[in-house]
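Worksheet: one structure, shown below.
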Amino acid sequence: LATLSPQPHPHRRPPAPLPNPCPMTSPAPAPPAAAAAQSPPPRIGLAGLATMGQNLALNIAEKGFPISVYNRTAAKVDSTLSRAAAEGALPVLGHRDPRDFVLSLARPRTVVLLVQAGPAVDATIDALSPYLDAGDAIVDGGNEWYQNTERRIEQAASRGILYLGMGVSGGEEGARNGPSLMPGGDFQAYSNIKDILEKAAAQTEDGPCVTFVGPGGAGNFVKMVHNGIEYGDMQLIAEAYDVLHRVGGLSNSEIADVFAEWNKGELESFLVEITADIFTVADPLEGSTGGALVDKILDKTGMKGTGKWTVQQAAELAVAAPTIAASLDGRYLSGLKDERVAAASVLEEEGMPVGLLEKINVDKKVLVDRVRQALYSSKVCSYAQGMNLLRAKSVEQGWNLNLAELSRIWKGGCIIRARFLDRIKKAYDRNPELANLIVDREFAREMVQRQGAWRWVVARAVEAGISTPGMSASLSYFDTYRCNRLPANLIQAQRDLFGAHTYERIDRPGSFHTEWTKLAREGK
């Protein structure tokens with residue numbers, strides 16, 4: 001029996017029980033003896049073989065780096081190995097036991113985790129860490145809250161294990177063909193696999209879309225803000241569609257053509273590109289009434305939390321992010337489908353039409369051009385808000401984030417990749433301390449040139465009763481930021497009257513308090 005049962009390693013603790021264990025299925029196919037003898041062990045392994053994990057593992061293997069993979073359900077291991085064989089006999093080694101998986105790697109080992117953020121990450125670490133040695137590294141590639149990563153960095157360091165929290169953007173396609181990668185944490189852990197990450201990442205003329213973001217939870221925080229900007233981008237595109245459709249009466253085919261044309265110019269981006277594609281897809285469901293698939297989709301938007309975290313962090317750091325916040329509110333309101341339908345009915349009974357409040361007479365070409373300018377200007381504001389949030393957090397945490405470099409790695413692979421990120425990079429290259437993208441000379445010139453069309457679109461939407469919270473928030477942000485005298489003087493006077501919060505004067509230094517009510521009564 002002793003010769004048939006695996007023996008525990010003399011210097012390691014017994015394996016911890018796996019969470020929710022499930023029965024094993026067919027054993028992994030053994031590699032040919034000659035190949036096993038000649039091939040060095042992989043330097044990197046990946047645990048968590050849902051679609052993102054499978055695709056990233058196959059991407060790494062396709063770039064010439066052998067990789068070991070593990071999942072607590074053996075069926076996922078089997079499907080990954082089948083894909084590896086079908087997609088070019090890629091060097092992927094499958095494991096169904098956490099000990100075998102970890103010990104299959106060359107030291108210093110690097111284990112990438114692609115499991116659901118939260119407790120599942122801790123459970124996976126608990127299952128694998130008994131077999132890791134000092135100098136080995138864990139890389140969490142999920143959308144994790146940055147403070148969880150910082151906690152795990154400290155816990156890992158107590159055992160001499162290195163830790164990275166790495167944002168991965170690009171969805172399933174990006175993971176397979178080249179994502180944007182945002183690793184942060186222990187620099188040595190990054191250095192150990194820098195060559196692998198640079199080959200696996202998306203490639204642009206400026207190099208691979210990966211960089212060491214910074215210490216601690218910087219990588220996860222940057223990915224969170226990336227997702228917040230993504231929320232804003234998607235909301236603004238949806239509003240552009242709504243105005244084109246409801247004000248201009250454009251058909252789905254015409255809207256597809258508009259977005260395809262926009263994707264050839266200043267709005268060129270992944271999200272604009274896929275929007276054009278979406279409007280060309282007919283409903284494929286058998287037995288359906290036909291028509292465009294997008295028109296059959298329920299108008300309720302889902303979310304996974306990173307947008308909410310972004311808005312919460314903006315509030316805690318006193319950074320204005322109204323476009324991102326408006327996009328989050330839009331998702332919340334979209335979820336109130338039944339309430340919205342009921343509200344429309346009640347208000348209609350009181351005399352408010354369900355459709356447009358006012359018909360806007362405008363040439364389609366003119367409308368399309370003005371909406372393009374409004375969308376571009378609003379996007380600049382959304383990105384400006386995200387970048388300012390990154391700067392504020394960097395100062396608070398001492399991360400020393402390089403905003404130009406972050407713009408560079410977002411140019412390819414990720415969901416918010418866009419042509420004008422190159423110009424954002426150049427703006428921060430020119431002035432790393434740039435207070436706001438709006439005041440970069442190039443962007444300032446463009447905003448001034450487009451503000452007329454931007455205001456026209458928002459005003460016409462208001463007149464017609466079309467909700468454009470993202471564009472409206474962006475325009476308010478622009479007008480507030482450029483204003484050298486706000487009505488905040490009245491608010492501060494009110495605060496001083498009811499709470500003795502004091503105020504500053506414009507004509508002399510110091511803090512002042514006034515007995516407002518007493519003086520007002522004396523004046524009367």
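In case you wondered, yes, glycine gets a Cβ from its N, Cα and C as well.
Sequence annotations record features per position, and here TrEMBL assigns region 'Disordered' to 1-40.
Annotation comment: TrEMBL describes 15-32 as compositional bias 'Pro residues'.
Among the features that TrEMBL reports, NADP(+) binding site is placed at Gly48, Leu49, Ala50, Thr51, Met52, Gly53, Asn71, Arg72, Thr73, Val115, Gln116, Ala117, Asn143. Within the same chain, residues at least six positions away from Gln116 (NADP(+) binding site) with a Cβ under 8 Å of its Cβ are Gly142.
Look at TrEMBL and you will find Asn143, Ser169, Gly170, Gly171, His226, Asn227, Tyr231, Lys304, Arg331, Arg495, His501 tagged as substrate binding site. Counting every protein chain shown, the Cβ of Arg331 (substrate binding site) has 17 other Cβ atoms within 10 Å.
Summarising the annotation, TrEMBL assigns domain '6-phosphogluconate dehydrogenase C-terminal' to 219-517.
According to TrEMBL, the feature active site, proton acceptor maps to Lys223. Counting every protein chain shown, 28 other Cβ atoms lie within 10 Å of the Cβ of Lys223 (active site, proton acceptor).
Annotated active site, proton donor per TrEMBL: Glu230, in sequence order.
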Among Ala50, Met52 [binding-site residues], residue with fewest other Cβ within 10 Å: Ala50
Farthest-apart CA atoms of Asn143, Ser169, Gly170, Gly171, His226, Asn227, Tyr231, Lys304, Arg331, Arg495, His501, residues recorded for substrate, distance in Å: 49
Candidates His226, Arg331, His501 (binding-site residues) - the one closest to Ala50 (NADP(+) binding site) by CA: His226
For Arg331 (substrate binding site), the one of Met52, Thr73, Glu230 that lies nearest, given that the recorded positions are compared by Cα: Glu230
Top Cα neighbour of Tyr231 (substrate binding site) in the set of binding-site residues Gly48, Asn71, Asn143: Asn143
NADP(+) site span - longest C-alpha distance across Gly48, Leu49, Ala50, Thr51, Met52, Gly53, Asn71, Arg72, Thr73, Val115, Gln116, Ala117, Asn143, in Å: 22
Of the recorded positions listed as Gly170, Lys223, His226, Glu230, His501, the one whose CA lies nearest the CA of Asn143 (NADP(+) binding site): Lys223
Least buried by Cβ count (within 10 Å) of the binding-site residues Asn71, Thr73, Asn143: Thr73
